[in-house]
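Below: the structure, in structure tokens.
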Amino acid sequence: MNKLLVSLLLTLGVTGVAQAAGTALVGDAAAGQAKTAVCGACHGPDGNSMAPNFPKLAGQGDKYLLKQLHEIKDGKREVLEMTGMLTNLSDQDLADIAAYFSSQKGSVGAADAKLVERGQALFRGGDVEKGLPACTGCHSPDGQGNAAAGFPHLGGQHAGYIEKQLTAFREGERTNDGDTMVMRSIAAKLSNKDIQALASYIQGLH
């Protein structure tokens, strides 16, 4: 394991603890289902969005989901489509919603065969010349992520959404990866073609 990856994992370990800090409340999936009616319009009733610009939430780790919900509500992460939607929800409401979507089974998409080779190489092996670590270090070989550490499940996610987020991290439009700027530093080294290949590979990963 190279020094870059070791350093990255140690940094992410600290970030993961910070992400988990907001999860003191125990979410109730059954209660959460009743609170997700408005979410279903974009993300699907069970969290399996049909629209590529809206992320699939089904099967996502509850710690990661809860962190995103809190940061969107608090304005630390800007998602225009969700402006004001979480304002009147309590911390318990957010925990319940996260628990519900986390309990659902995520659907899997298909990768573009022309992009699989490059996408797989980046995801599984990184790029030594660019100083890129493998995505598997935090997101696991099958894209399941690390729920306990708060690292997101990526496998099966819409390629369009992955492209949008990696580009946002690269351009500094998304900044909620903590003071370590882990995702921003990684995305800064990715070309448009790299991002497209990674996103397509991830969409078909399961």
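Even glycines carry a Cβ here, placed using N, Cα and C.
A TrEMBL annotation is a machine prediction, not a hand-curated record.
Annotation comment: TrEMBL describes 1-20 as signal peptide.
Per TrEMBL, domain 'Cytochrome c' is recorded for 27-105 (among others).
Other Cβ atoms within 10 Å of the Cβ of CYS39 (heme c 1 binding site), summed over all protein chains shown, number 20. When secondary structure is read from DSSP and collapsed to three states, CYS39 (heme c 1 binding site) falls in the coil class. What TrEMBL lists as heme c 1 binding site is CYS39, CYS42, HIS43, MET82.
The domain 'Cytochrome c' annotation in TrEMBL covers 114-206 (among others).
Applying an 8 A CB threshold to same-chain residues 6+ apart, the list for MET183 (heme c 2 binding site) reads PHE169, ARG174, ASP177. Marked as heme c 2 binding site by TrEMBL: CYS135, CYS138, HIS139, MET183.
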Inquiry  = Same chain only, sequence gap of 6 or more: which residues have a CB within under 8 Å of the CB of CYS42 (heme c 1 binding site)?
reply    = SER49, ALA51, PHE54, GLU81
Query = Given the binding-site residues MET82, CYS135, CYS138, which one has the fewest other C-beta atoms within 10 angstroms of its C-beta?
reply = MET82
Message = Residues other than CYS135, CYS138, HIS139, MET183 within 8 Å, Cβ to Cβ centroid, of the heme c 2 site?
response = THR136, GLY137, GLY145, PHE151, PRO152, LEU154, ILE186
Remark   = Within 10 angstroms of the C-beta of HIS139 (heme c 2 binding site), the count of other C-beta atoms across all shown chains comes to 20
Ask   = Going by C-alpha positions, which of the binding-site residues (CYS135, CYS138, HIS139) is nearest HIS43 (heme c 1 binding site)?
value = HIS139
Request  = Starting from the heme c 1 site formed by CYS39, CYS42, HIS43, MET82, give every other residue of that chain whose CB sits within 8 Å of the mean position of their CB atoms, in sequence order.
outcome  = VAL38, GLY40, ALA41, SER49, PHE54, LEU57, GLU81, MET85
